[in-house]
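Structure, as structure tokens:
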Amino acid sequence: MHQMHGTGETGAVQPAIELRGIDKRFGAVHANKEIDLKVDKGTIHGIVGENGAGKSTLMSILYGFYQADAGTIHVDGKLCDIKGSEDAIAAGIGMVHQHFMLVETFSVLENVILGVEGGAVLRDGVDRAREELHRLEREYSLDIDPDAIVGDLSVGLQQRVEILKALFRGAEILILDEPTGVLTPQEADHLFRILETLKEQGKTVVLITHKLREIMAATDNVSVMRQGAMVAHRKTADTSPEELSELMVGRKVLLRLEKEQAQPKDTVLKVENLCVENAQGVRKVKNASFDIRAGEIVGIAGVSGNGQSELLEALGGIRAASEGVVELNGQDVTPGKGVDAAELRRRGVAHVPEDRHRMAMVTAFSAKEAAILGYEDDPAYQKGVFLDWHAISDATAKMMSEFDVRPDNPDLKAANFSGGNQQKLVLAREIMRDPELLLVGQPTRGVDIGAIEFIHKRIVAMRDAGKAVLLVSVELDEIMSLADRILVMCDGAIIGEVAASDANERVLGLMMAGVDPSEAKAVEGQS
Amino acid sequence: MSTTVQLPRWIDVGALPLLNLLLALVVSGLVVLAIGENPAEVVEILLYGAFGYEEAWGYTLYYTTNFIFTGLAFAVAFHCGLFNIGAEGQAYVGGLGVTLAALYLDFLPFPIMLVVGMLAAMIFGAAWAYIPAYLQARRGSHIVITTIMFNFIASSLMVYLLVNVLRPEGSMTPESEQIAENLRLPFIHDIAGALGIEMASSPLNLSFVYAILASVMVWLFIWHTRWGYAIRTVGANAVAATYAGIEPGRFIIIAMMISGALASFMALNEIMGVQHRLLIDFTAGYGFVGIAVALMGRNHPFGIFLAALLFGMLYQGGAELSFEIPTISNDMVVVIQGLVILFTGAMEHMFRPRVTKMYTAWRLRRDAQEAV
């Protein structure tokens, strides 16, 4: 049925959502430029674009977080004035955010009724909600235990709770903002099956993503945004990833990095039986052993939350090891045993952490202050007992020009740079130190496609200069295109190693889900 | 991304505090009206009392000195993300340090004594701040709770010491002995007199110069040294500090000890400068007002100087006021001071959203016009 509507424009059926001339400015930034968009009822509609292209702004306007400066929103053909999320919910629009809005200590049921408890006495509402929830679960095959505590659920299931929340509020139109960022490929496939069911039941789905593979796999129609403008609408069947990426960036992009064969030399980092515990004393890294040689990139693949973060933090000297030994060029640098982040930096370990805002920089600082974080002891930055702000400013300007950080103003507050430019500044700070070992986590999270290419080239250039690189990323594409060897982590353990040349998404995906490597390959062989 | 434009500095640190101050004065004016006095006359007496004649200036700056020290003390801790409520206790214990040094090291010559007195205050004040700092850094006890408690402990400790240990035999008042004349900080009017300039006598003394120097030192320390950088990093983002190899606990302790030392300088003004003996409650709430001073001054030494001057003016002008207009009692003056603290300190951000909105609208219109 949906295919019939998919052909759209001449059809008599009203589109589920129609945006006309939506325009939005934030100060000097023109975030949305006269956007027109039609989403047909009962379809899955993808919206792609680089970070900062205005996708999230547009959806925030639709969901009532922002008000458009100009333009109108029509839902089911009716003009809607959406002033806040309540209006959006009343119009039948539901949103699943990138970062879940769930109370982790509450049960699934309690989370679902949050805000729509229905009366002062919780009990009646809860009973009614339980029935409704059962109906929704049956109808959309969203299996979930209503009494499970949300914090105990896997990320994929938490996302399902978010979807249930929206459906429970009567959503006919579901917006999902980058829904697969935290999922394994298998979980993502499952999500797409759920979306397919929703579509069959007549719901409309808007899928925001920057992953072209997902657009191709899951959507009926796709709209491309670039620099705040809607540049193209396509039927998914009539387009290709190459065309879409070209539309997104405005020029041809290398989707797969071309690099020489690695020439690994001496072992730089040797990790033996490393165990790391988190603040609650839960063992997050379990007996990890591996080594990294000069001139190679070792990638660590895994669903986020399986110990990669703790491993990276331990190797960066931030988190103490509870057991095991780490050696750098033959010297003991086991974290927590007298070696901290500052000492590791002195010994030539640079660290680009996974979480830019929380860890890699102080957003309240100016760019030049952020550009010396971790290196504030460098004699080049000192003048007597004081910091030499002139020298620091010059050094920052150099980082900015080398890594194309925009705007190239060392005095601008770090918070006022876009995510991609913040990341480039952090990478510049760490890479331009010319370290022996580069630890890098999620190097391109929230970064434009154009900049991704640049960052990948810089990382490969480090390798070619004979440095050792450890790459942690949840983007399998990134791991597969950059790494020379891939280690897969699941539940804190390194469960296998795959040479990059032998790696494919399915095998890695199965290993990430905890399937033994030999079995994973066998499964792959059968299919 | 937000819908707003960043406010320029002159609005952020200039216009907004002034607006708050103005509102505080308007509300104070209403209170004055309510008790049947003329607000205009009150303002006139207040200003005259604070700045109208030479002696008034001396008193105003003497109060200002205390506020600069306690304001700086709060600001340094605040840059490390710590809300140091304990300047009162730290200054009190710092006073003990000065007094002990003056009473037991009185054989030292004057210039050395100045330095020794200052060091004694610093060491005692910093030591008193060290304990809550240690508890925060290593045991996670919240600094607000511990510093409040340490104010009480300091208060009880000092009463005990003054009554049982430091009180000279035969005296009925809980005060220490007078410190020797050559160990007192010279009054500014005496210094001026020695230079042949006639000045009205006031309690203003050399510690005002200390206060100005301390302001410059704090500015240099916070924005131009590695430790200052580390302290600000810990205050703004402790996780990033750990990542950078800056151990937050270490800098929490350092910042608090510096804070305590700065607070203790207040004792220099009071004990070496004016009272010349240790007495009960000589800190008189300056430590607490320092919080408002620092917040109003945006934790910047220059802002703190201006805010301290404002509070010095309110203290001195207020005293004059209750003297000139009998219906305006001392309590009334406290009300006015309280309103200023309320509007400039506690409700600092009241106008911010609205002003930001207005400024944003204005900027957008201007940008649009320029585009045409």
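In case you wondered, yes, glycine gets a Cβ from its N, Cα and C as well.
Listed in TrEMBL:
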type	residues	note
TRANSMEM	B:12-36	transmembrane segment
TRANSMEM	B:56-78	transmembrane segment
TRANSMEM	B:85-104	transmembrane segment
TRANSMEM	B:110-131	transmembrane segment
TRANSMEM	B:143-163	transmembrane segment
TRANSMEM	B:204-222	transmembrane segment
TRANSMEM	B:252-271	transmembrane segment
TRANSMEM	B:278-296	transmembrane segment
TRANSMEM	B:302-321	transmembrane segment
TRANSMEM	B:333-351	transmembrane segment
- Task: Report yes or no: does the transmembrane segment (B:143-163) come within contact of the transmembrane segment (B:204-222), defined as 3 or more CB pairs under 8 Å with a sequence separation of 6 or more?
- Result: no
- Query: Quick one: do the transmembrane segment (B:56-78) and the transmembrane segment (B:333-351) reach 3+ CB pairs under 8 Å, ignoring pairs fewer than 6 apart in sequence?
  - Reply: no
- Message: Under 8 angstroms, Cβ to Cβ: which one of B:12-36, B:110-131, B:204-222, B:252-271 has the largest number of such pairs with the transmembrane segment (B:333-351)?
- Response: B:12-36
- Query: By Cβ distance under 8 Å, which residues at least 6 away from the ends of the transmembrane segment (B:12-36) in the same chain are close to it?
  - Reply: 42-43, 296, 298, 300, 303, 307, 310, 327-328, 332, 335-336, 339-340, 342-344, 347-348, 350-352, 355
- Near the transmembrane segment (B:110-131), which residues from the same chain, at least 6 beyond its ends, have a CB less than 8 A from one of its CBs? 84, 86, 89-91, 93-98, 100-102, 146-147, 150, 154, 182-183, 185, 206, 210, 253, 256-265, 267-268, 272
- Message: Same chain only, please: residues at least 6 beyond the ends of the transmembrane segment (B:252-271) with a C-beta under 8 Å from a C-beta of the stretch. Say none if there are none.
- Response: 62, 65-66, 69-70, 72-74, 76-77, 79-80, 82, 84, 86-88, 90-95, 97-99, 102, 117-118, 121-130, 132-134, 136-137, 143, 179, 185, 205, 207-208, 210-211, 214, 218, 221, 227, 231, 234-235, 277-278, 282-283, 286-287, 290
- Note on the structure: Beyond a gap of at least 6 residues from its ends, the CB atoms lying under 8 Å from the transmembrane segment (B:302-321) belong to 13, 17, 21, 42, 45-51, 56, 59-65, 67-68, 71-72, 75, 212, 215, 219, 289, 292-294, 296, 328, 330, 332-334, 336-337, 340, 344
